[in-house]
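K.L.:
Straight from TrEMBL, here's the annotation block:
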ACT_SITE  ASP9  active site, nucleophile
ACT_SITE  ASP11  active site, proton donor/acceptor
BINDING   9-11, TRP25, 44-49, SER52, LYS78, 116-120, LYS146  substrate binding site
BINDING   ASP9, ASP11, GLU170, ASP171  Mg(2+) binding site
Amino acid sequence: MKLQAVLFDLDGVITDTAEFHYLAWKQMAEPIGIEIDHAFNERLKGISRMESLERILAHGGKEQQYTMEQKQRLAADKNKHYVSLLTQLTPEHVYPGIPELLDQLAELQIPAVLTSASKNAPQILSALRLDERFHTIVDPDGMPGKPAPDIFLKGAGAVGADPAYCIGVEDAQAGVEAIKAAGMFAVGIGEKGLLCASGADIVFESTAKLNLTALLKAAKLD
Ligand code: BG6
Ligand code: MG
């Protein structure tokens, strides 16, 4: 069967924004007396802004101390820090192998779809000059977050693709679980042990190793 669509996560797959998320959360958390480190930040990958905030508050033992309104203010504060860091992004920050893979897909007229939990995705793609390369950017607003399959199912639906003939690419465990829950072939980018434990069908240690021929062979698609 023919490959019908490739669905891409953004942070950690197209570019490395995880460090910016980390710095922005840290800047928000310190004034309220919560310390986070890189190891803890791993647990926020693929997780929506509000859910990440809940995890940070729980980490600091402060999950009961804020009203919804105050939490929204904290999340907005974090996003302000994050958006100011994003001004540093340029096309040079696109991960290796990604432009080539998008070229190969375009040549075969296979749609590339962006399925990121980030509400900043359109701005990031535009800073990377990749906005024209995606058929659809799925809006995560109001959707159950990863590991729920919803964003991947919506992405496949947007291009009329059957999930069984789609490939999803993710760096986060929650993301790989979401791809599998959507019934797609899951490509993990990063640490093999962790991503295989979440159900990844194949793992590449870096995007530099991604290429369409390898993906098609692994997914048994044409
Ligand atoms: C995901 C990141 O892609 O987007 C998470 O891995 C982040 O770390 C989430 O929390 C939401 O991003 P944003 O830009 O909407 O705050
Ligand atoms: Mg990611």
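One-based numbering along the chain as shown.
Glycine is treated like the rest: Cβ placed from N, Cα and C.
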K.L.:
When the Cα-Cα distance from GLU170 (Mg(2+) binding site) is computed for each of the recorded positions ASP9, ASP11, ARG49, SER116, LYS119, which gives the smallest value?
P.N.:
ASP9
K.L.:
Name them in sequence order: residues not among ASP9, ASP11, GLU170, ASP171 whose Cβ is within 8 Å of the mean position of the Cβ atoms defining the Mg(2+) site.
P.N.:
PHE8, LEU10, GLY12, VAL13, LYS45, GLY46, SER116, VAL169, ALA172, GLY175, ILE189
K.L.:
I'd like to know which of the recorded positions ASP9, ASP11, ASP171 sit within 10 A of SER116 (substrate binding site) at the Cα level.
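P.N.:
Those near SER116 (substrate binding site) - Cα within 10 Å - are ASP9, ASP11, in sequence order.
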K.L.:
Between TRP25 (substrate binding site) and ASP9 (active site, nucleophile), what is the CA-CA distance rounded to a whole number of Å?
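P.N.:
Here the two Cα atoms are 20 Å apart.
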K.L.:
Which recorded positions out of ASP11, ARG49, ASP171 lie by ligand 2, going by a Cβ under 6 Å?
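P.N.:
What lies within reach of ligand 2, judged by Cβ under 6 Å, is ASP11, ASP171.
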K.L.:
For ARG49 (substrate binding site), which DSSP three-state class applies?
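P.N.:
Helix, per DSSP.
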K.L.:
If we count other C-beta atoms within 10 Å, could you say which of the recorded positions ASP11, GLU170 has the fewest?
P.N.:
ASP11
K.L.:
In whole Å, how far is ASP11 (active site, proton donor/acceptor) from GLY46 (substrate binding site) when you measure between their Cα atoms?
P.N.:
8
K.L.:
What is the number of other Cβ atoms found within 10 Å of the Cβ of SER116 (substrate binding site)?
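P.N.:
Taking all protein chains shown, SER116 (substrate binding site) has 29 Cβ neighbours within 10 Å.
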K.L.:
ASP9 (active site, nucleophile) has how many other Cβ neighbours within 10 Å of its own Cβ?
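P.N.:
Cβ-Cβ neighbours of ASP9 (active site, nucleophile) within 10 Å number 29.
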K.L.:
Between ARG49 (substrate binding site) and ASP171 (Mg(2+) binding site), how far is it from one CA atom to the other, in Å?
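P.N.:
Here the two Cα atoms lie 17 Å apart.
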K.L.:
When the Cβ positions of the binding-site residues TRP25, GLY46, LYS119, GLU170, ASP171 are compared with the atoms of ligand 1, which fall under 6 Å?
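P.N.:
Near ligand 1, sequence order: GLY46, LYS119.
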